[in-house]
Amino acid sequence: MNNKIRDIVYKKIIPSGQAGRVCIIGGCREYTGAPYYAAVSSLKTGCDLSWVMCSSKATEIKTYTPEIIVLPMLSEDDLKNDEEKSIMKEFDTMLGRLHVLVIGPGLGRNKTLLSLVEKMIKAAREKNVPLVIDGDGLFLVSQNLDIIKGYKRAILTPNPNEFKKLCESVFSEQELKDQDPEDQKQQEKLIRDLCDKLGNVTVVRKGGKDIICSGKSDEHYLTCEVEGSPRRCGGQGDVLAGAMGTFLHWSIQASENDEALDERVAILHGAYGACALARSCGRAAFGKLKRGTTTPDIIEKIPEVFESLYPHQE
């Protein structure tokens, strides 16, 4: 698998100089760390530029680092029609510059924010911009599955509880009543059926092992059992979301440059690459700092762990 990922990373991307422009949509009055973690992780994984598009009440993200571009253009307050149109017009202009959107880190559940982001997802789909949806972005999807259904350039990254909520939005109570979370065969069938009902979006179910799936066939199903950190400090999901955004762009670029590489399969392999990287960084940080490990320690490990997993070859 690592050889396939190296092919995506190096043979297709680096010569072209198009390593990616990734935008994180998230960050509100209450949560400012999550979008920062995602943006820096995307950048350290290897994208060219990383943005955070956040609430006007999360401007302090600008002070965290000069390496990311922060646009506090979203609102948590009620908007007049012309104010919303102005935000969406600015966003539409931005879309032409971006390769991937990562939606959800630190987004919160403010109704005005969620309404704006729902419109942004629809606008991104119209322009075929790839999406990674995490955190409260998954809450939004669970409330309205149609905004994501059938969009094969989308990756959803639920943890076990978010996966459960997503399944409850897709399946009937009767269909779920006998599900045992510890039954591996049941869970495998459930995620395959979920992806099928969502129209072959890619779902990365995070857990003791990460299950990566975009449909019922074995070709569209992988598991990542790379050892991770036994410490689950807050923010590790944001690291994965950011890395996933960078890998998603690389995967699509690789498939566009190689007719023999199916885009859905490439996205699956890229998602595996991001999972393996995030898990390995967690393990490396824990190996040094043990119970004192925090998310910045994990992010710090990204460059050296990336090179150990996917070494550069001239």
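Each residue, glycine too, has its Cβ placed from N, Cα and C.
Unlike curated entries, TrEMBL annotations are predicted automatically.
Annotation comment: TrEMBL describes 17-309 as domain 'YjeF C-terminal'. Look at TrEMBL and you will find G106, N159, P160, N161, E162, F163, K164, K165, D238 tagged as (6S)-NADPHX binding site. If you look up TrEMBL, you'll see 206-210, 228-237 marked as ATP binding site.
For the binding-site residues E162, D210, D238, the greatest number of Cβ atoms within 10 Å around a candidate Cβ is found at D238. Long-range Cβ contacts of R231 (ATP binding site) within its own chain (separation 6+, distance under 8 Å): G282, F286, K290, R291, T293.
Its Cβ placed at the centre, G106 ((6S)-NADPHX binding site) has 28 other Cβ atoms within 10 Å.
Annotation: K206 carries the greatest number of neighbouring Cβ atoms among the binding-site residues K164, K206 [cut-off 10 Å, Cβ to Cβ]. Cβ neighbour count within 10 Å across all protein chains ranks P160 highest among the binding-site residues P160, G208. Rounded to a whole value, the Cα-Cα separation of G208 (ATP binding site) and K164 ((6S)-NADPHX binding site) is 15 Å.
Confidence annotation: the domain 'YjeF C-terminal' (17-309) carries a mean pLDDT of 95 in the model.
With D210 (ATP binding site) as the anchor, the candidate binding-site residues are P160, K164, D238, and the one with the nearest CA is P160.
Neighbour list (S229 (ATP binding site), Cβ cut-off 8 Å, at least 6 residues apart, same chain): Q236, R279, G282, R283, A285, F286, T293, I298. The closest partner of G235 (ATP binding site) among the binding-site residues, by CA position, is G106; the full candidate set was G106, P160, E162, K164.
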